[in-house]
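What Swiss-Prot records for ARG48, ARG54 is NADP(+) binding site, and it gives sequence analysis as the kind of evidence. If you look up Swiss-Prot, you'll see ARG125, SER126, SER127, ASN237, ALA238, GLY277, LYS292, PRO293, THR294, SER295, SER296, ARG318 marked as FMN binding site.
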Amino acid sequence: MSGNTYGKLFTVTTAGESHGPALVAIVDGCPPGLEISLADLQHDLDRRKPGTSRHTTQRQEPDEVEILSGVFEGRTTGCSIGLLIRNTDQKSKDYSAIKDLFRPAHADYTYHHKYGIRDYRGGGRSSARETAMRVAAGAIAKKYLATQGIQVRGYMSQLGPIEIPFKTWDSVQDNAFFSPDPDKVPELEAYMDQLRRDQDSVGAKITVVAEGVMPGLGEPIFDRLDAELAHALMSINAVKGVEIGAGFASIAQRGTEHRDELTPEGFLSNNAGGILGGISSGQPIVAHLALKPTSSITVPGRSIDVDGNPVDVITKGRHDPCVGIRATPIAEAMMAIVLMDHLLRHRAQNAEVKVATPVLGQL
């Protein structure tokens, strides 16, 4: 099975299944000397882990990460960093009734056709459980980026039909939804409570922002920074769309509105989302992710079995009624991994490039 590694100079490889004994990751290319601790990684893992509120899956996984290699006396050595998280709360019997059935909107049908064999327990490799290792690896990237003045953070900007206006970063860590508007939290809670009573699920929109990124990151033509971000963010489970900057709203904009004019004091807008011609402009990099509703619900759905016979499928087990609630740390991790990789690639080729033109901020 290919496709388990992302990056060229800063690479992240993951392995493991939802109900296997453990999840693992190998992070390669991190420069030596970076101060890193278990607490650095655990902070983001605790933000993503299941069972932290009544609005997420009740699977209880501590997601305690172990560093197996690449760190000595609290600093990276420049060697491969091995990471491990043990699975502790699998209930595989919940899935025995559907081992020969294909759950609608899941990867069951496509994995079956591609490989001829699949781990049906909790979705196996296709489960969002895999993203725990991305978050652990992304924490390393975030720690290094911080030494370069780069900060990556995200928030939920929509849950189902409820749009969430951005008010303050201070609110994001104070509620289960990563909502930047504290006044919206009661409405979000009421909506999710009703959704559980309906035994249904809903989608969400996540916004992730990187500030402090210098101009110059991105490798035209095929490795444009926005293309790489779209690739990485689309690889997250349940993501069905990615926008950079104004995204699809730019369709209705006129050129006089969309163009981000430059002044000696800074850019006048950021419709480009901090990327021009596939290269970072120095403005905040802004991406939006659309996540589909969770496919695992107890409302019967029509499908077929492995022999092609019609069946009704009811998915048991413990699932998130909205996967977007826990997606913010995952989106942050993937953006950080992309920026880390491109920072090292830019440094390798263009470290000696100097221009007299000032770096503009955004007004």
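Yeah, the Cβs are placed from backbone N, Cα and C, and that goes for glycine too.
Other Cβ atoms within 10 Å of the Cβ of SER296 (FMN binding site), summed over all protein chains shown, number 24. The two recorded residues SER296 (FMN binding site) and ARG48 (NADP(+) binding site) have their Cα atoms spaced 19 Å from each other. Here SER127 (FMN binding site) is positioned 14 angstrom away from ARG48 (NADP(+) binding site), judged by their C-alpha atoms. The Cβ neighbour count for LYS292 (FMN binding site), using a 10 Å radius and every protein chain shown, is 17.
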